[in-house]
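**Student:** I grabbed these lines from TrEMBL:
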type     : residues                       : note
SIGNAL   : 1-23                           : signal peptide
DISULFID : CYS33-CYS49                    : disulfide bond
DOMAIN   : 63-214                         : domain 'Cupin type-1'
BINDING  : ASN98, ASN108, HIS113, GLU118  : oxalate binding site
BINDING  : HIS111, HIS113, GLU118, HIS160 : Mn(2+) binding site
Amino acid sequence: MGYSENLGAGLFAMLLLAPAVLASDPDPLQDFCVADLDGKAVSVNGHPCKPMSDAGDDFLFSSKLAKAGNTSTPNGSAVTELDVAEWPGTNTLGVSMNRVDFAPGGTNPPHVHPRGTEIGMVMKGELLVGILGSLDSGNKLYSRVVHAGETFLIPRGLMHFQFNVGKTEAYMVVSFNSQNPGIVFVPLTLFGSNPPIPTPVLTKALRVEAGVVELLKSKFASGS
């Protein structure tokens, strides 16, 4: 094969690989695309846009995170979401926020955001923040007690948790580089999935007796 054939084959391979290498969320082509959550139009990422004449200006502002959540839950915590479903103005902009309130001893249990990197600030109290590396890092636990006014960063897709180590209530505000970062709670996913993961799979994976798995499944049967 001559030089020209090699060059042509190389360029062809680059063209084939380019979409995979350069793939990312497309930039918006308008100032705003306020989500029409009831829209019937087919969409791949995000929601169809409302006509700007119908959008008003409320889509630019929200006071939802100003109110503390009810921490009388099994985990002693409450998540107030502010994603595209709650704040339609974030549609196509690739951003969202959450507020998480903690009772003393409350936890935001181990979970993963499959579509977003998270950056957060503790606004009140002190939280133990833990991030678990992948097998590449030897499943290392990175953790620190984060105090009010301090920040933390959680890379996309890594398992993490927060735990209130203080004696008073605490809360944090976090933001994501996705309008819908998603969330997979590890305990709930393993033991409260629908339909359930077969018990023999979990007994083998967790190296415990079937009775232990059935007990844990009963704790999450209601999806709580």
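Glycine too: its Cβ is placed from the backbone N, Cα and C atoms.
How buried are these features, and what lies next to them?
**Tutor:** Taking a C-beta cut-off of under 8 angstroms and a sequence separation of 6 or more, CYS49 (disulfide bond) has the following same-chain neighbours: GLN30, CYS33, VAL34, ALA35, ASP36, ASN91, THR92.
Counting every protein chain shown, 23 other Cβ atoms lie within 10 Å of the Cβ of ASN98 (oxalate binding site).
Around GLU118 (oxalate binding site), the same-chain residues at least 6 positions away in sequence with a Cβ under 8 Å from its Cβ are LEU153, ILE154, ARG156, HIS160, VAL174, SER175, PHE176, PRO181.
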**Student:** Cβ distance under 8 Å to ASN108 (oxalate binding site), same chain, sequence separation 6 or more: which residues?
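**Tutor:** When sequence neighbours closer than 6 are ignored, ASN108 (oxalate binding site) has ASN75, SER77, VAL79, VAL100, PHE102, PHE161, GLN162, PHE163 within Cβ distance under 8 Å.
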**Student:** What's the CA to CA span in angstrom from HIS111 (Mn(2+) binding site) over to ASN98 (oxalate binding site)?
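**Tutor:** That separation, Cα to Cα, works out to 14 Å.
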**Student:** Quick one: largest C-alpha distance among ASN98, ASN108, HIS113, GLU118, binding oxalate per the record, in angstrom?
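**Tutor:** Largest pairwise Cα separation, rounded: 14 Å.
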